[in-house]
């Protein structure tokens, strides 16, 4: 009976233990996904924004009370005819303080009232109120196969789909992997990221983020979450009456920064300030962010994490407020975006100079596929983008706090961003002289200490991987100074300096522009003293290059730019070799104390330059890319070129050879062509230097002077290759949509390309495109091709070569959901100008085969064949003798495509006057003129290796000695078949803190083991008591054998 009771007791203990473990595993499984297949899905957090009709943000020149703001608006509107207006109340924690903006509602559509407001001396700007949406969407985790539906199905959202990048991806949100480097399953393994970056070394030195105020702008945080002990304040900026996190994203971000147990954060003792700026329906407004930003300034926040972003770097109220935040010493850390591996996909505000933009890597130090790539596109078309991201860190499979406790693993740059924010918070707590900490000094320490990843260019990794301990060493001995990003220019260093290293420079070429960021750790404002100085090294042929400068007149806040144009002197037109020199700039900032009357702090920085020069290539090998006539979002609604890609409605990557046409550029370079970029009108280049002008996906209009000059250039030997795209006003009206939230129609400003403008350009040669819209797969010259939402050729000279194909009428499918097949659609035309020495013209109706954004089948082979034709006059036999060659269309009876009535292209065009009515061109702008710097030659040898870790002045890392602590590193076990990615990875325990995960798991198994052992001994004792006693037999005397010692056998 006792034995039965013992076994019953053991069974109860085992069942209780099984239930306890099952509850924990079930909770994790629920947090991971709600369906068994979720480990194979991705849940993308996408952002979109709309303009709220009738609502406007009125920004003032200073901070005023509510009464004063009301008075300013009332007096401004008094003289106008606007009567139906009101100030929208904002009930949030900042309502009791002065503000620099107001939200008003004007029900009348007259713009006179807005203009009257802007005329008021205390009003800075009036901009539309924007509504921000965040949506969670499951999709296949394989990003290679694009969304390509076989039948048209128009499913517009009720908000303007200005696509915001996925900044949070995780198991539970998304499952992500890094780059597949070999033929094996590569999973994002959840890690204790704080200890992987050796934060435990600083913990054991006594630094845990104490006395540092860190703000998390996200979805809120529950009041009694077990992971946080120092939540100083929770504020709600939404229209919902709750402070709790109903989604889990804000909890996760806060946990990565400051969790004190289980999945430990970097700075558990930091003061957490939680700003709930998104509702449970994932909606926010620009005004909510502005109020919250103002409150963050008021609360003297030290570090602010913003794990959101989007492509709209022209949302002026938001951008201006970010500048104001950093000017008030708030260190902002923001996610760079999840639109990789495509280039030119950086998100705002992470692409701003004063913000630390963070990209993502996996735990094998591969750039995460989802991480957005540079360059910035603010500067196009006339300039060149800056280096971003600033640094990269772990963003795939990172563990953080669950919404109700426990841990979960997420991936995305919105995960990498709080990793850096947490590291910065920890670093700030180590600095004794807190007055030295500012957005510039922290950024300088991070990029100077970053570890460069091999085989990765600067537009993927920035300055490299976050190195927490080296950053600590730098900050510990930091002295205020200026620095540069990048810290040197080496156009021979590949792959890091791609694309600069991909093409040497030569005489007569377009100047190479390098956009350098100046970081000023001495003060929020600064200036460049005198002018930058160019000092060529004579022994290294530095006198063979010349440089010109453009730079910020004022460095604010904490930063500015230095644009360097590099060109080759005439004497080196036939020379080949390496040329070197350096630029010297001196930055000055006002002294902080008023006692120093007019005193300034100064810092002099050297920027080494190294370039490779070759003799000027022949004209036939030089291709000029037209950048000036490409338009993008922001600010206009320029639709995608492939209408099948409804999940990416905007053309926002810049259409540059180093962004979404990167693969095409790489191919042309591999074929021996030299590609230059024209960021000015056609009147600003010497056509005798180039064999082909390449115009791809052009949305801009043309000056009359450009049309006349291009005709002369083609007559004199310049060839023209045009890749067009769809344009159809009926389809444009169809793809407009009604926003139910704003009760407003959104209309494209043009089609995929501006066909009416192109036809005006081509009319002198009797050529033109139609407004037909076609799609389909076909074969040409034994190559598989795909025509994605392209147009056809409407007319072409009779002595030209025209290739036709059979396609589906996609326009009919869009407009009427009907399917029809059209034969003999003219898509490719080749024409030789009959005049002696004339050039050649090629037309093709679709650019998607060159564009990296949604390319399904490339047509690089066709581009090669066309350039052979335009450069050397050799018509490819595969085209001239093709069975698809047809008689060129005459265009008789076809009405040319017209510009859509009421379009707003004039608002964003560099060519058209900004007014309604018939389009009229502006006056032709002057061509850019560079003022070359006067050289100050140096008769000394240049340094042989320009790549060093960016050494800040007066910093000696050897003086800052780190203690030799033995820290536990997370152990990784291999992935079993069918196992999910949400693993429990053992990690070290923070000194002085109880690891709840280990504390929950180990006692359970210890208790079960003790009970099993106890039961075993009880059973043995019971058996022994019930066994009858035996008389011990007398021991027998052993018999002697001949073999006294056993044989020796080898021990194993």
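A Cβ is built for glycine as well, from the same backbone N, Cα and C atoms used for every other residue.
Going by Swiss-Prot, these are the annotated features:
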| type | residues | note |
| --- | --- | --- |
| SIGNAL | 1-17 | signal peptide |
| CARBOHYD | 148 | N-linked glycosylation site |
| MOD_RES | 168 | phosphoserine |
| CARBOHYD | 236 | N-linked glycosylation site |
| CARBOHYD | 305 | N-linked glycosylation site |
| CARBOHYD | 515 | N-linked glycosylation site |
| CARBOHYD | 728 | N-linked glycosylation site |
| COMPBIAS | 877-887 | compositional bias 'Polar residues' |
| REGION | 877-900 | region 'Disordered' |
| CARBOHYD | 939 | N-linked glycosylation site |
| TRANSMEM | 1000-1022 | transmembrane segment |
| TOPO_DOM | 1023-1052 | topological domain 'Cytoplasmic' |
| REGION | 1025-1052 | region 'Disordered' |
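Around the Cβ of residue 515 (N-linked glycosylation site), the number of neighbouring Cβ atoms within 10 Å comes to 20. Across the structure, residue 939 (N-linked glycosylation site) and residue 515 (N-linked glycosylation site) are spaced 28 Å apart at their Cα atoms.
A gap of 38 Å separates the Cα atoms of residue 728 (N-linked glycosylation site) and residue 515 (N-linked glycosylation site). Counted over every protein chain shown, other Cβ atoms within 10 Å are most numerous around 305 among the glycosylation sites 305, 728, 939. Taking the Cα atom of each, residue 236 (N-linked glycosylation site) and residue 305 (N-linked glycosylation site) are about 16 angstrom apart. The two recorded residues, residue 305 (N-linked glycosylation site) and residue 515 (N-linked glycosylation site), have Cα atoms 26 Å apart. Its own atom aside, the Cβ of residue 236 (N-linked glycosylation site) has 21 Cβ atoms within 10 angstroms in the protein chains shown. In the three-state DSSP scheme, residue 728 (N-linked glycosylation site) is classed as coil. In the three-state DSSP reading, residue 939 (N-linked glycosylation site) counts as coil. DSSP assignment over the region 'Disordered' (877-900) gives 4 helix, 2 strand, 18 coil. Mean pLDDT for the topological domain 'Cytoplasmic' (1023-1052) in this predicted model: 46.
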